[in-house]
Amino acid sequence: MASRSFFFLHVLVMLSLAGMAFSDLSDDFYDDVCPKALPTIKRVVQDAVRKERRMGASLLRLHFHDCFVNGCDASILLDQTSTIDSEKTSRANNNSARGFEVIDKIKSEVDKVCGRPVVSCADILAVAARDSVIALHGPSWEVKLGRRDSTTASRTAANNNIPTPFMDLSALINNFKKQGLDEEDLVALSGGHTLGFAQCFTFRNRIYNETNIDSTFARQRQENCPRSGSDSNLASLDPTPALFDSKYFSNLVSKRGLLHSDQALFSGGETDELVKTYSKNLKIFSKDFAESMIKMGDIKPLTGKQGQIRVNCRKVN
């Protein structure tokens with residue numbers, strides 16, 4: 001009997017340890033130490049999005065690309081040095097990731113109101129992503145806080161882990177699964193493409209060579225994306241790139257997904273029904289998107305005495 005009790009106690013302890021990383025994060029983490037932190041982040045984000053609507057999508061993308069590379073630890077913000085292999089030069093981020101100056105501005109303003117560096121760059125990314133979505137009329141959610149910042153970065157991990165615009169459905173599912181995210185998370189988080197733009201080189205093959213695409217849509221995109229050259233020309237990911245709505249999913253149903261990886265979500269596979277649901281119901285999409293953002297924000301955070309609170313988000317202390 002005693003041994004059985006010890007066994008259950010052992011299991012309970014192991015389960016507690018397994019959940020510790022998540023329990024270390026809380027939505028009231030800064031309430032006592034710096035109550036002005038979150039309102040300050042929101043103000044700077046709103047100002048940035050007011051000046052350039054596209055910035056909302058850029059800040060959301062920074063958080064996504066951060067979390068998919070060794071967890072949500074602000075490694076994406078580190079500049080190249082002799083010891084830092086910057087993720088900014090990875091395939092997914094090079095000449096593409098943007099918004100770093102806004103993060104710098106947030107960090108400066110937050111440290112000013114807090115009196116010292118108490119808010120991590122990783123938490124700034126998470127909150128800025130949420131506030132960007134709100135600024136573009138999307139849902140809100142309680143951001144868990146208490147992440148700390150990495151002291152390393154990995155361009156190789158960024159190249160291997162950030163999903164590419166050329167992936168098919170099975171590759172996307174496997175990619176998200178490695179991060180502890182399921183098919184619903186895949187579809188919901190892909191819905192972040194209701195905001196923003198993509199560069200010509202990311203969708204050129206789709207608009208010239210693929211068959212599961214609306215021909216009129218393909219011709220329209222070809223006007224600004226020739227068969228060669230003009231790689232950085234932009235096209236919106238959905239018809240309303242500065243408004244959080246469900247038109248991204250309506251586009252997929254109409255075979256008007258801009259990226260191969262977008263249209264893969266509605267191509268006769270297991271995610272088709274969820275795409276249809278989201279295309280018809282913004283409320284359900286918004287709810288699922290918020291829940292998946294919280295789940296993504298839980299990916300391998302550094303907490304407690306792990307990592308550090310950077311003074312400058314671009315470099316290790």
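Each residue, glycine too, has its Cβ placed from N, Cα and C.
Note: TrEMBL annotation is automatic and uncurated.
Just so you know, the Cβ of CYS34 (disulfide bond) picks up 18 other Cβ atoms within 10 Å once every protein chain is counted. The feature disulfide bond is assigned by TrEMBL to CYS34-CYS114 (among others).
Look at TrEMBL and you will find ARG61 tagged as site 'Transition state stabilizer'.
Marked as Ca(2+) 1 binding site by TrEMBL: ASP66, VAL69, GLY71, ASP73, SER75, GLU87. In sequence order, CYS72, ASP73, ALA74, SER75, ILE76, LEU77, ALA122, LEU125 make up the list of same-chain residues 6 or more apart from ASP66 (Ca(2+) 1 binding site) whose Cβ falls under 8 Å from its Cβ.
Annotated disulfide bond per TrEMBL: CYS67-CYS72 (among others), in sequence order. Its Cβ taken as reference, CYS72 (disulfide bond) is surrounded by 29 other Cβ atoms within 10 Å in the chains shown.
Counted within 10 Å of its Cβ, the other Cβ atoms near CYS121 (disulfide bond) come to 31, all protein chains included. TrEMBL lists CYS121-CYS313 (among others) with the feature disulfide bond.
Neighbour count (other Cβ atoms within 10 Å of the Cβ, all protein chains): 28 for THR194 (Ca(2+) 2 binding site). Taken from TrEMBL, the feature Ca(2+) 2 binding site applies to THR194, ASP238, ASP245.
Among the features that TrEMBL reports, disulfide bond is placed at CYS200-CYS225 (among others). Listed in sequence order, ASN224, CYS225, PRO226, SER230, ASP231, SER232, ASN233, LEU234, ALA235 are the same-chain residues six or more apart from CYS200 (disulfide bond) with CB atoms under 8 A from its CB.
Long-range Cβ contacts of GLU87 (Ca(2+) 1 binding site) within its own chain (separation 6+, distance under 8 Å): HIS65, VAL69, SER75, ILE76, LEU78, ASN93, ALA153, SER154, ARG155, ALA157, ALA158. In this structure, the C-alpha atom of CYS313 (disulfide bond) lies 28 angstrom from that of THR194 (Ca(2+) 2 binding site). For the Ca(2+) 2 site, the Cβ centre of THR194, ASP238, ASP245 serves as reference, and the other residues of the chain with Cβ at most 8 Å from it are GLY191, HIS193, LEU195, LEU237, PRO239, THR240, PRO241, LEU243, PHE244, SER246, LYS247, TYR248, PHE249. For ASP238 (Ca(2+) 2 binding site), the number of other Cβ atoms no farther than 10 Å from its own Cβ, over all displayed protein chains, is 24. Of CYS34, CYS114, THR194, ASP245, all annotated as recorded positions, the residue with the shortest Cα distance to CYS67 (disulfide bond) is THR194. Other Cβ atoms within 10 Å of the Cβ of SER75 (Ca(2+) 1 binding site), summed over all protein chains shown, number 28. Spatially, by CA atoms, the recorded positions CYS34, ARG61, GLY71, CYS114, CYS121 include one closest to THR194 (Ca(2+) 2 binding site), and that is ARG61.
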